[in-house]
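Some notes on the structure that comes next.
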Amino acid sequence: MKDRVLLGVNVDHVATLRQARGTRFPDPVQAAMVAEEAGADGITIHPREDRRHIQDRDVLLMRQTLNTRMNLEMAVTDAMLSFAENVRPECVCLVPEKREELTTEGGLDVDGNEERVARACDRLARIGAEVSLFIDPDPVQIDAAVRCGAPVIELHTGEYAEADTPAEQAHTLANLKQAVEYARRKGLVVNAGHGLNYHNTLAVAAIPGINELNIGHAIIARAVFTGLKEAVRDMRAILDQARS
């Protein structure tokens, strides 16, 4: 097998289900433990500024209990940077955030906010966190990520995942491949995610140079019918198939 693609499992939507009724269950901390047992290489969580799903309690408990890496997705704000400095996760992914959106709608405009993003990257590097920037597959944004000193980018796969026709999907996949190649030439580690599921992940995982895929909604949705452990194992099998 070629280099294996790492799987980051996002457990935000376990918290979404809990918050829908304001109960103590289902617990995303327990979900993270199950995902790890099933083969996840890391756990991704996004404590949004409005705390609509993941709560501070979840982050703090996971920091104490995870056996793999915590990847903390967060907005580029002083409050969230201070929170990350307190938690000290292994990885932080800086993302754009709007209160009215259901999920992250696009990549971070690093080129248009370079000074602010660079300062955030420096603060996070000082606590030993591996910093990644969630960006569109655009050379302009990739160049800006390099200038900011981020060692890792996560390419936004939304356009590919939402393609309506085979031709559009092929075009967006080609754009992803070009972006991965360009970023690797610039010395960046390349992750990807957003909208990936059991039908469209194989082609992305097969792109040479992809290091990690972060997947949440599809896995949690499948878990309703198969159980979380089986859902994670099924996705892990797709990633392994891509590099076999």
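The backbone N, Cα and C atoms fix where each Cβ goes, glycine too.
Taken straight from TrEMBL:
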type     : residues                   : note
ACT_SITE : H46                        : active site, proton acceptor
ACT_SITE : E73                        : active site, proton acceptor
ACT_SITE : H194                       : active site, proton donor
BINDING  : N10, R21, G195, G216, H217 : 3-amino-2-oxopropyl phosphate binding site
BINDING  : D12, H13, R48, H53, T103   : 1-deoxy-D-xylulose 5-phosphate binding site
SITE     : E154                       : site 'Transition state stabilizer'
Candidate with sparsest Cβ neighbourhood (10 Å radius) among H13, R21, H53, the listed binding-site residues: R21
Neighbourhood of E154 (site 'Transition state stabilizer') by C-beta distance under 8 A, where only residues 6 or more apart in the same chain count: C93, S132, L133, F134, I135, V190, N191, A192, G193, N214
Recorded positions near H53 (1-deoxy-D-xylulose 5-phosphate binding site), in sequence order, restricted to R21, H46, E73, H194, G216, H217 and a 10 Å Cα cut-off: H46
Integer Å distance between the CA atoms belonging to H13 (1-deoxy-D-xylulose 5-phosphate binding site) and R21 (3-amino-2-oxopropyl phosphate binding site): 13
Cα separation, H13 (1-deoxy-D-xylulose 5-phosphate binding site) to G195 (3-amino-2-oxopropyl phosphate binding site) (Å, whole number): 13
Annotated 3-amino-2-oxopropyl phosphate contacts N10, R21, G195, G216, H217, maximal Cα-Cα distance (Å, integer): 25
10 Å Cα neighbourhood of H217 (3-amino-2-oxopropyl phosphate binding site): matching recorded positions from D12, H46, R48, H194: D12, H194
Residue among recorded positions N10, E73, H194, G216 with Cα closest to the Cα of R48 (1-deoxy-D-xylulose 5-phosphate binding site): E73
Alpha-carbon spacing, E73 (active site, proton acceptor) to G216 (3-amino-2-oxopropyl phosphate binding site), which is rounded to whole Å: 13
C-beta crowding around N10 (3-amino-2-oxopropyl phosphate binding site), within 10 angstroms: 27
